[in-house]
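K.L.:
Let me give you the structure first, and then I'll get to my questions.
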Amino acid sequence: MAALSAWFWNERFWLPHNVTWADLADPAPGVEYPKASHLLSALPLALGIFVVRILFERFIASPCAFLLNIHAASVHWRATPNPILEKVFTSITKCPDWRHLDGLSKQLDWDVRKVQRWFRQRRNQDKPSILTKFCESMWRSTFYLCIFTYGIRFLWQCPWMWETQHCWYNYPYQVLTPGLYHYYVTELGFYWSLMFSQFTDIKRKDFPIMFIHHLATVSLISFSYANNMLRVGSLVMCVHDASDFILEAAKLANYAKYQRLCDFLFVLFAVVFFITRLVIYPLRILNTTLFESWEIIGPYPSWWLFNSLLLVLQVLHVIWSYLIAGIAYKALVRGKVKRDCCEYRPRHENLRSGNVIMSSAVSILFMTSFTFPPKQCGCHL
């Protein structure tokens, strides 16, 4: 096991030339560098976030939904209990093809239409109510807004927010500040909580892919933290958090049947998404990771890997932007964002997780290169 760990954490791969893990493990008095052991605090935090979410949905989101006249609709037509069909539904398929329908029809001596109707009613039983969707989106929107606000306030005082060269000065000997630690660990705790809550959330078709996505993201954030590439990472997290809460707010407006507000918010989301992912990300983040880092610290093996993944993420940004532009066009010209807005998240996440390792690794890279704030932030350059 020790040999495997030594091979995986090979400092010749992860760290610049002439730097060892031992150099980072023994800082000067009063100075602290990120350590992998710090990440253990994200686990109880994730549990706390999960508990807060349950309380939030019950005591804040649900009353808000009732005020907006959103209630848990009951299923009017329940499928007649049938052990044979139930076994097929749970073990084989929820949408049987004609071959299955014909076989079940003969086995039960039912008309094919009756079998189809049974499966349709059974699927409807499992559909989450609008109230459930509203509460989930309200929680996500609130958390995304809070973490984005915190990130902006923190980064506003940091030199690398304005001059990205600071991401690489004195790397990897960059002091860990309380603000950066809290920002990082909170993001990590949230992704851990997503992994927990995925088993109780609205079940989506992309469940396995999204589980892998969350797992990869957690792993990559952890690696970047241990590698002390936090400065670029903090920027990347902030850039990617900027539009998420607006999308969730658009979904809330849709569930509440405020169609014009939904259309406006989705178009606003599209604009913010385009600016952050197609302008700020390539011109600021990719520029610093590709060119400024080359000049200041030079390339090393993990540098090539991280920048390759960052470039792959940019390709994904372009693909997502194309899909969002199509939905925004409908909102502006045809007024049809209602259905697409609600279905955008799974579609967007399917794309994102189609290159799960790539996109998540990008976030790790991001998290790996930022510098720390000046005296106002409690850091020393």
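Note: Cβ is positioned from N, Cα and C throughout, glycine not excepted.
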K.L.:
Transmembrane segment per TrEMBL: which of the ranges 182-200, 201-219, 239-257 is that?
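P.N.:
Checking TrEMBL against the ranges 182-200, 201-219, 239-257, the transmembrane segment one is 182-200.
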K.L.:
Write out how many residues of the DNA-binding region (87-130) are helix, how many strand and how many coil, based on DSSP.
P.N.:
32 helix, 0 strand, 12 coil
K.L.:
If we skip the immediate neighbours and take only residues 6+ beyond the ends of the transmembrane segment (36-56), which ones have a Cβ under 8 Å from one of its Cβ atoms?
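P.N.:
Here the qualifying positions are 138-139, 142-143, 181, 185-186, 188-193, 195-197, 222, 225-226.
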K.L.:
Within the domain 'TLC' (132-333), what mean pLDDT does the predicted structure show?
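P.N.:
Computed over the domain 'TLC' (132-333), the mean pLDDT is 89 on the 0 to 100 scale.
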